Amino acid sequence: MNPTLALTEDLIRRRSVTPADEGCQAILETRLKAIGFDCEALVSGPDDFRVTNLWAVKRGTQGKDGKLLVFAGHTDVVPTGPLEQWHSDPFAPTHRDGKLYGRGAADMKTSIAGFVVAVEEFVKAHPAHAGSIGFLITSDEEGPAHDGTIKVVEALSARGERLDYCVIGEPTSVNALGDMVKNGRRGSLSGKLTVKGIQCHIAYPHLGRNPIHDAAPALAELAAEVWDAGNEYFPPTSWQMSNIHGGTGATNVIPGHVTIDFNFRFSTASTPEGLKARVHAILDRHSLDYTLDWTLGGEPFLTPRGELSEALSSAIKAETGFDTELSTTGGTSDGRFIARICPQVIEFGPPNASIHKIDEHVEVRFIEPLKNVYRGVLERLIA
């Protein structure tokens, strides 16, 4: 069997729902140690949410003076959803119609397998490679991400480790392998707004104050606000409400408060501080009695065209024929953490149409070319 496909299937068999790793990283560590990597496990998190992280590095002939290319990814997967809706066991890799089915097939165990086999081939072909190679793997990307990649980044930063390039194996392709890569991601800023009123009988509104009515004009203004125009790399910043909770459940009671959850997906044209200030200004203008708690999920990051993007684009062109599109669309990724210690971060992986869905899959015809692209990046940057 093709070694990349075989490793992908082995990883899919592991029921590694966040934060469980279920031995995936042990498989990777064994293979990486066999080709000269130094491997370090970093376990963190509370007892009921233990996260497994792996940092592995193989120095090139230039030592720490040479460039360091890191492959980053996650072994954890999202829950399966209703098992009865799957056409096969999500943790038993299954082939149908030229596709490999299983939870994590697209997001992102195929990419991790491609990383490993590409590096094995590269090291065999270039035993005296000049630059260094690293792996940063976590079991907490699909979850809260408090004890995953960010903890490894903090540890590496504390010891002065410098990363020059990072390829994250997120499933970035759309219709075919290589048609899109991500050279940045928007930031995420969430707010929990509680507007206070005075509870009373709905027939006597003059005896209370309806917080839903109070909040509505301000929410309408927030929804209509143009936060920025975006720029050549990012679309305009968006503000969206996700949840509104108010009332006691009774139809004859004006509630005492209403809570609204909202989220910004923001570009490099805005800052968290600036967005917060503008929200508070709008709320204050409406004279609301409110509290507002903020959570910064991640800053935006951007890798302009440079050595990594050119190497990846060239490798994709050579393998697939595509002139790949650089994009910053989609949700957040662990790139938001890695960008703190690495100036060039790009994501590339298989098509993403089935990720997080019932019957997640990857087309088998894309597996070997994916590995070849990763090897092509190694050849172009650190051989």
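Backbone N, Cα and C define each Cβ position, glycine as well.
What Swiss-Prot records for the Zn(2+) 2 site is Glu142, His356, and among Asp97, Asp107, Asp179 the residue it adds there is Asp107. Binding of Zn(2+) 1 is attributed by Swiss-Prot to Asp107, Glu170, and the same site annotation extends, among His74, His206, His213, to His74. Report note: the Zn(2+) 1 site is defined by His74, Asp107, Glu170, and the residues of the same chain whose CB lies within 8 Å of the CB centroid of those residues, excluding them, are Gly73, Met108, Ser111, Glu141, Glu142, Ile168, Gly169, Pro171, Ser333, Gly349, Ile355.
Annotation note: Asp76 (active site) sits in a coil segment as assigned by DSSP. Proximity note: of the listed recorded positions (His74, Asp76, Glu170), His74, Asp76 have a CA within 10 Å of the CA of Glu142 (Zn(2+) 2 binding site), given in sequence order. For the binding-site residues His74, His356, the ranking by surrounding Cβ atoms (within 10 Å, all protein chains) places His74 first. Among the binding-site residues Asp107, Glu170, His356, the ones whose Cα sits within 10 Å of the Cα of Asp76 (active site) are Asp107. Long-range C-beta contacts of Glu141 (active site, proton acceptor), restricted to its own chain and to partners at least six residues apart, with a cutoff below 8 Å, comprise Thr18, Gly73, His74, Asp76, Gly148, Thr149, Ser333, Asp334.
Taking a C-beta cut-off of under 8 Å and a sequence gap of six or more, Glu170 (Zn(2+) 1 binding site) has these contacts in its own chain: Gly73, Asp107, Met108, Ser111, Lys182, Ser333, Glu347, Phe348, Gly349, Asn352.
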